[in-house]
Each structure stands twice: as C-alpha cells, then as structure tokens.
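Marked as domain 'HMA' by TrEMBL: 7-73, 121-187. The transmembrane segment annotation in TrEMBL covers 277-296, 316-334, 355-380, 386-404.
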Amino acid sequence: MSADSFLEALVSIEGMTCHSCVRNIESTIGEKDFVRSIFVSLAEKTGTIVFDSTFTTGEDVAEAIDDMGFDCKLISVREAPAATSPAASRKSLASEEEQSIIMENGRALFKKNGSVAESTEKAALSVVRMTCASCVAYIEKHISKVKGVKSIVVSLMFSKADVTFDPRVTSAQSIADAIDGLGYRSGVLEIGGTTSNSKISLILGGVSDANCAKRIESHVIARLGVESCTVTQSTSIAQIEFSPSVGLGYSAQLASQEDQLKRLDHSDDVEKWRNSLLISLIFGIPVMAVMVYFHWIRQTPMHPERQTPILNTPALSLDNLILFVLCTPVQLFGGRYFYVQSWKALKHKTANMDVLIVLATSISYIYSLSVLMLALIFQWKSSPMTFFDVPPMLIVFISLGRWLEHKAKGKTSEALSKLMSLQAKEALLVTRDENGLILSEKGIDIELVQRGDLIKVLPGAKIPVDGIVVEGKSAADESFITGESMPVVKKPESTVIGEA
C-alpha cells in the first residue's frame with residue numbers, strides 16, 4: 001500500500017450533542033478498513049479522517065457519517081500529513097525524538113517522550129442514601145473501576161463525590177447513573193474543566209419526574225450556542241455549558257452554592273422514612289400489645305390449651321390471626337424501601353445493612369406463614385408458635401433510626417448553607433482596552449465569574465474568588481486557612497484565596 005494513497009478529509013458534522021456522539025462516530029467510522037485514523041471535535045463540530053484513496057473517496061466518508069443520523073458535509077480533501085502514513089510513521093519511530101502511535105477504537109493517539117496527552121475533566125456529584133464509611137468505600141471501589149474514571153473522592157458529611165474523568169471515554173451523567181446503579185441516588189452538581197466554553201447552574205421549578213428532565217435537556221440543547229445540558233431531578237438544578245458569544249434567549253435565576261446546599265436538605269429521604277416509620281408504628285404498636293397479652297401474660301405458645309381457636313379449628317388461634325393481619329402491611333409497605341435497596345445491592349453481588357434487614361424480616365414472615373398454612377392443611381391440634389412480631393418491631397426501630405439520621409443530615413446542610421451565606425456575594429469585574437486602560441467596572445454575581453476575568457478588590461473588602469494578583473500590593477488575612485493571625489503580603493504573581 002503506497003503512502004501517497006492516503007488523503008485527509010475535513011468534514012463538518014451537525015447534530016452532535018455530547019461526547020457519546022463523538023465516540024459513536026469515531027468507533028463506527030474508525031472500524032472501516034479504509035480508514036487510517038479519525039478525530040472528531042464536539043466544540044468545533046468537525047471531523048478529520050485519514051483514509052486510503054484507493055478504496056474510497058472523501059464524499060463517501062462524509063456520506064457514511066451522514067447515514068449515521070448526523071448532518072455531515074465535506075469541507076476539503078488534502079494529502080495526509082507525513083506522520084499519518086505507514087512509511088512516515090516508521091521513519092518517525094526511528095528518529096532521535098521518539099514518537100509512538102496508539103490505535104484505540106480506530107483513533108490515532110500520539111504520545112511524545114513516553115507520555116500520552118490526556119484531557120481530563122472534574123465533576124461534583126450529589127450522592128444521597130449513604131449511611132456510613134462502608135458506603136463511601138463501596139462507591140469509591142466500584143466507580144474507580146468505571147472506564148474513563150481517573151479518581152473519585154466521596155464525602156459522607158456533604159453527600160458529595162468529586163470525580164476526575166476522561167470526557168472522551170465517559171461523562172459526568174454516566175458516572176452519576178453508575179452510582180444510581182449501586183443503590184444510591186446521584187446527580188450532577190457541577191462540571192468543571194479546561195474548556196473555553198462557560199458553565200452556569202440554574203434552579204428549575206416544576207421538575208417532577210425524569211421525563212421533565214429529559215424534555216428540558218432536549219429543548220435546551222437545541223438552542224443555538226448550547227454545548228451540553230444536564231438536569232438533575234433530585235436537586236432541580238440544570239448544569240448548562242454554552243458559548244458565551246452566543247445569546248441563549250433565556251431568563252433564569254442563578255443557582256449559588258448556598259442554594260445547592262439547601263437543595264441537598266434530605267427532605268425527600270426524611271419524608272420517606274417518616275412515612276415508613278408511621279406505617280410501621282400504626283401496625284407495630286398493636287402487635288406489641290398482642291404479643292404482651294397473649295405471649296407473656298397468657299403464655300399461649302407454652303400452653304396450647306389457653307389458645308382461642310378461630311373458624312372452629314385449633315390450628316388457627318386468635319393471636320396468630322391478629323399478628324398475621326397486622327404484620328403483612330408492615331412487611332409489604334413499611335419495609336419496601338429496604339427491599340429496593342437490598343435488590344440493588346444484590347444485583348452488584350454485594351451485601352449491605354438493608355440485605356440483612358430483608359433477610360431477617362423475610363425469613364421470620366415466610367416461616368411463620370408457612371408453618372401456619374401447614375397447621376391448617378394438616379389440621380394440627382394446636383396453633384404453632386410463629387414469629388410475626390419480628391418484622392414490625394425490627395422495621396419500626398430501624399425506620400426510626402434512618403428518619404433521625406436524615407433529619408440530622410438536613411440540619412447539617414442547613415448550617416452549611418448559613419455558613420455559605422457569609423461569603424462575598426458580588427465581584428467587581430474590570431474591562432480593559434488594548435493599552436491596559438480601564439474601560440469599565442461592573443459589579444456581577446460571584447457565580448458569574450469565569451476563568452480569566454479581571455477582578456478588582458477594594459481596600460478592606462473580601463477577595464471574592466481564588467486567583468492570581470495582576471496589579472497592586474496589599475495584605476490578606478489567611479488565618480482561616482493557615483491559622484496564622486498576621487496578614488500575608490500580596491504582590492503581583494502572588495496567589496490569593498477567596499474570602500481572605
């Protein structure tokens with residue numbers, strides 16, 4: 001195969017909405033025999049394909065992408081750079097400055113001097129329903145094995161996970177879905193990277209289910225200038241990445257860090273466990289009364305002659321019938337959240353506290369029901385000893401503990417939101433001309449500050465965000481970080497910490 005037969009086609013690709021579209025195009029087209037390498041840019045909406053001209057043409061390559069459901073047009077075709085042809089690659093490998101080529105899913109990745117250039121992105125995810133340090137270790141262990149995830153740190157106190165991942169392989173929402181699959185509830189709080197696009201968080205109203213979230217995402221992504229949109233139903237917060245040079249046409253309220261903490265007040269979990277506790281209490285208290293009267297006072301399990309037969313059969317006693325009627329609603333409705341969480345854990349071949357609770361209550365209920373049915377079928381002379389009292393008592397006390405736990409977490413989130421309210425609310429944005437002269441000064445919300453903005457800090461005012469001093473000299477109080485009470489001198493090129 002001649003090296004001269006390789007050509008490089010540049011195509012425009014419309015209709016891509018996320019990195020999954022990029023991976024889909026690169027993997028599908030890259031698998032074709034006549035394609036040497038392919039690189040697709042989501043931000044520029046273009047694709048660069050090196051192909052063998054003896055087997056196909058640039059128009060055919062563009063048509064193949066168009067057949068996948070994207071609007072693809074051929075922009076230009078030129079001779080492939082020398083480094084992409086086989087002969088030149090071999091020559092480059094033999095040169096003094098070693099360069100390696102790695103083929104991954106039909107895509108050529110170049111590494112120089114033994115290191116592969118990687119692009120990473122960081123994201124903050126909300127993770128609720130964690131109960132202890134074992135949950136933290138469990139999430140970190142499984143999510144770190146997800147392809148594309150570089151690192152993950154989970155905070156039990158803040159119900160949050162900080163993830164570093166490769167956006168070419170996975171996405172923040174995919175990682176959140178993976179955490180959901182482990183039996184927890186997760187959503188994207190914030191996505192931060194090195195892209196030139198801007199990101200904004202918006203508080204939404206009326207997001208009642210997953211269909212609403214998907215409908216909002218599809219409509220927002222269709223807007224001109226929007227690169228990505230992720231709506232988290234649990235927090236009603238939308239993370240939107242957009243090009244600041246293109247107007248979105250929306251009017252929305254900014255979501256501050258304080259607002260996001262308020263959204264993580266665990267109100268849903270508090271209500272859920274409160275309902276479970278109420279259902280269990282309504283039926284559990286009568287169960288306790290029946291157990292005390294029949295089992296402790298009359299001692300019917302030890303003295304069958306003291307039992308009260310029902311339906312003219314000694315196999316079914318009054319106490320067993322009452323316990324069965326009271327235990328069944330608790331088992332089916334009061335404990336349903338335990339069954340949901342235990343099933344999610346068992347799907348991943350692991351066991352947690354919910355699995356133990358389900359095992360204990362289910363074994364007690366099924367055994368008691370089975371032995372009672374056998375007594376009725378074979379007409380035993382006395383009603384058997386059952387354990388219908390175990391599920392209500394166990395579920396009552398554990399539901400009470402879970403309810404108190406999430407109430408305490410909600411109070412913690414409330415205290416943190418009040419602490420966040422003490423930070424600076426605005427920043428003074430400075431605009432300069434080419435000569436460095438100040439054109440304007442404008443106060444903006446601190447959530448609108450972007451990387452590269454020039455912020456002016458007045459004497460005695462708080463530093464709104466972390467940054468580097470460009471001009472001027474002063475002293476900053478960093479005692480809340482270092483513990484040192486003496487002010488620290490700051491001059492050009494010095495780093496400053498927000499709230500100092």
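Our numbering is plain: 1 for the first residue shown, then up by one each step along the chain.
Quick reminder: no glycine exception, Cβ is built from N, Cα and C everywhere.
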Looking only at the domain 'HMA' (121-187), what is the mean pLDDT?
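Across the domain 'HMA' (121-187), the average pLDDT comes out at 86.
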Under an 8 Å Cβ to Cβ limit, what residues of the same chain, 6 or more beyond the ends of the transmembrane segment (277-296), are close to it?
318-319, 322-323, 326-327, 329-330, 333-335, 388-389, 392-393, 395-396, 399-400, 403
Give me the DSSP three-state residue breakdown of the domain 'HMA' (121-187), ordered helix, strand, coil.
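Reading the DSSP string over the domain 'HMA' (121-187) gives 21 helix, 24 strand, 22 coil.
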For the transmembrane segment (355-380), give me same-chain residues lying six or more residues beyond its boundaries with a C-beta closer than 8 angstroms to one of its C-beta atoms, as numbers and ranges.
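Same-chain contacts beyond the flanks: 313-316, 320, 323-324, 327, 331, 335, 338-339, 342, 345-346, 386-388, 390-391, 394-395, 398.
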For the transmembrane segment (316-334), find every same-chain residue at least 6 residues outside the stretch whose CB is under 8 Å from a CB in it, and list them.
276, 279-280, 283-284, 286-287, 290-291, 294-295, 300, 307-310, 361-362, 365, 368-369, 372, 375-376, 382-384, 386, 388-389, 391-392, 395-396, 399
Quick one: DSSP breakdown of the domain 'HMA' (7-73) into helix, strand and coil?
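Going through the domain 'HMA' (7-73) residue by residue, I get 21 helix, 25 strand, 21 coil.
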